[in-house]
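Here is the structure we will look at, set down as structure tokens.
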Amino acid sequence: MELWRQCTHWLIQCRVLPPSHRVTWEGAQVCELAQALRDGVLLCQLLNNLLPQAINLREVNLRPQMSQFLCLKNIRTFLSTCCEKFGLKRSELFEAFDLFDVQDFGKVIYTLSALSWTPIAQNKGIMPFPTEDSALNDEDIYSGLSDQIDDTAEEDEDLYDCVENEEAEGDEIYEDLMRLESVPTPPKMTEYDKRCCCLREIQQTEEKYTDTLGSIQQHFMKPLQRFLKPQDMETIFVNIEELFSVHTHFLKELKDALAGPGATTLYQVFIKYKERFLVYGRYCSQVESASKHLDQVATAREDVQMKLEECSQRANNGRFTLRDLLMVPMQRVLKYHLLLQELVKHTQDATEKENLRLALDAMRDLAQCVNEVKRDNETLRQITNFQLSIENLDQSLANYGRPKIDGELKITSVERRSKTDRYAFLLDKALLICKRRGDSYDLKASVNLHSFQVRDDSSGERDNKKWSHMFLLIEDQGAQGYELFFKTRELKKKWMEQFEMAISNIYPENATANGHDFQMFSFEETTSCKACQMLLRGTFYQGYRCYRCRAPAHKECLGRVPPCGRHGQDFAGTMKKDKLHRRAQDKKRNELGLPKMEVFQEYYGIPPPPGAFGPFLRLNPGDIVELTKAEAEHNWWEGRNTATNEVGWFPCNRVHPYVHGPPQDLSVHLWYAGPMERAGAEGILTNRSDGTYLVRQRVKDTAEFAISIKYNVEVKHIKIMTSEGLYRITEKKAFRGLLELVEFYQQNSLKDCFKSLDTTLQFPYKEPERRAISKPPAGSTKYFGTAKARYDFCARDRSELSLKEGDIIKILNKKGQQGWWRGEIYGRIGWFPSNYVEEDYSEYC
């Protein structure tokens, strides 16, 4: 048996790889094993399976999403632990890049083989490998693997089923504490009986939980005050006293409501206490550091350790330590919506059901808020790791927002035209360009994304040539710019998507709707959205705040916030004047009578225009420039690029006079339908696959064209505007012909022009339908039921899934971070907040 297959078998025996993982399938390749291991998560779990607590998994990033920085950190943690706790020699270890870049996967197999022969591993009773004489480094098998590895592959969620979950441990402690005395159940329970059980469980678990908070205060806080400093007490117990006070009152009102006829006022208690439960925001954001500080104090001081054991004995006969009990409040606040969900299910009266659903929504919102606090704590840990590794950084990285992507690239700039190897960290607000020095990074430049835009450039791309895939990062004023080069086209696409997402977070759609000026903002206190009244989630940059009136809002709610009360009274008039001024400027340009020029050589601001002139004008070959200032004896002209509507200066030797070419014969193309009405297009496309399209000549105006495309079960129509010999569907970009326009949108999503149309032009309507569905259909993905979106949700990251109210989402799994599910809609896959959807919604219609 090949050595890598023996290694796979050993990893399965060690309970690291699932027995059914695709690496075990017939026809599996070694690159699939490399892909499974290269983020370092499973390797760290392997050491813990062989030697419990060998690695503190809180120091491991369990969801690195192929961030090179985080993956390498995980791999190096594995390697150092192999030496320190398993006795492997340095010569037996692979280098971190041998795995991450798959430069020498044979050496990785060699290290795992050496690990399998260590006494610790053999004590587990698992057969080491190789079990027969085999070559430990088969160059034929392992050579060329780096070219087969996919840097853009999505995480295989099933892989992480074998990874320890601290949340699951906390859940077990909670369940043990809340276990109810068994009550005999009737042989056949009615819906009324089930409802009574739900009500009883809500009351009894609340009583037990409030007792637990009281026990922490009575048996741990008070005795430890004589041993610990006030700051230690505050760090460890956070606001437990406040939680106990809130729940003492909550329990009283809960009992009063349950004692009433039919418990019809129960929902009011939960709605009332949603705001009071916001004290959990502080607790949940600090409980992890509280546990860590408790461990440090107990390790450093034997008297404290002994006192903790004594307190535990008095509180619960030693069953639960203080560290165990500190996890319980986090678990409890995440259970209310589950308890109410069961109660809703078994409530028959329509009015009661609707009222309880209001309470359910309130508790779901609270749970999601808590989950986002936990998620942001993980994000802040990542940011801290970045911060500690970057030298010359003069401010907190958290000020730049959430990390988007990081990795190696090549770069050129206005100052330095030769390609330079760099390592970049992209966050919401900035790109940090660094030089890698071993395990640390030297900051070379910080690019503030507020004043930059991204522009694709595929002119020099070659599929088989690495580092030829490039896009531009250009300053709005043209004084500075960068060319960013990537190893593969897929990697470039991934980075471009993250740049676009970051810029859309800075300048979201509807940021200036209704007179507002919304900007990303970190709220110190837990805050509700002005539009939907749901909580803003997380611990930093939770949403947006209007610069003028201070109104808070979710990204997806910006267009629904009531009008701003703080902008100038002549706000609308100013906008109208600006519009009229622009029209007058356009008319003036047309009356000058200057010729149009065609670009034959690109220009991106190098060399820059003379200082007294103004901003440069970006030019691409084929662009048409309408001159506004031009004199034959001057080398610099001013003009408007009709493809982008930008105005600026450029060297006159990059253009020549524009000459209209002969009309194109469109009938040869499989997408061209000739003269056709909307109804005719709908008749053709209605029963075709999503993504099928045609281009038609408009019957009412034969000089105009339109695209008709099937998307999301509907036929959409897009008008193609023509003027000055150019074709466009948006003011941002123009083309010299229909063919160029169609070819561009075959490769680029229409969402850049129409937010709700996230598709390319995929299948020309004249192609046979069988070819149009030759790709694996989206429906072939295994899913576990569906859910209906109850609210809009706007993705903040390329891993998230934007939703519109009413969307039906296929649920792919619920195993991710708490409060987030993975789903598919319209062929797009990503994560979304579970409280924004209603699962099996048909039951509640």
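Backbone N, Cα and C atoms are what each Cβ position is placed from, and that goes for glycine too.
According to Swiss-Prot, the domain 'Calponin-homology (CH)' annotation covers 1-119, on the basis of sequence analysis.
Look at Swiss-Prot and you will find 194-373 tagged as domain 'DH', backed by sequence analysis.
Taken from Swiss-Prot, the feature domain 'PH' applies to 402-504.
Summarising the annotation, Swiss-Prot assigns domain 'SH3 1' to 592-660 and lists sequence analysis as the type of evidence.
If you look up Swiss-Prot, you'll see 671-765 marked as domain 'SH2'. Helix, strand and coil residue tallies for the domain 'SH2' (671-765), in that order: 21 helix, 37 strand, 37 coil [DSSP].
Per Swiss-Prot, the feature domain 'SH3 2' maps to 782-842; the stated evidence is sequence analysis.
DSSP assigns TYR826 (phosphotyrosine) to coil, not to a helix or a strand. Around the Cβ of TYR826 (phosphotyrosine), 16 further Cβ atoms fall within 10 Å across all displayed protein chains. Taken from Swiss-Prot, the feature phosphotyrosine covers TYR826 (among others), and the record attributes it to similarity to another entry.
Residues or ranges marked as phosphotyrosine in Swiss-Prot (evidence: a large-scale study or a structure entry): TYR844 (among others).
The average per-residue pLDDT of the prediction over the zinc finger (515-564) is 94, rounded to a whole number. What Swiss-Prot records for 515-564 is zinc finger.
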### Task
Please work out which recorded stretch in 1-119, 194-373, 402-504, 592-660, 671-765 has the most C-beta pairs separated by under 8 angstroms from the domain 'SH3 2' (782-842)?
194-373
### Task
Take the domain 'PH' (402-504) and count its residues per DSSP category (helix H/G/I, strand E/B, coil), listing them in that order.
19 helix, 55 strand, 29 coil
### Query
Which listed range (1-119, 194-373, 592-660) shows the maximal number of Cβ pairs under 8 Å with respect to the domain 'PH' (402-504)?
592-660
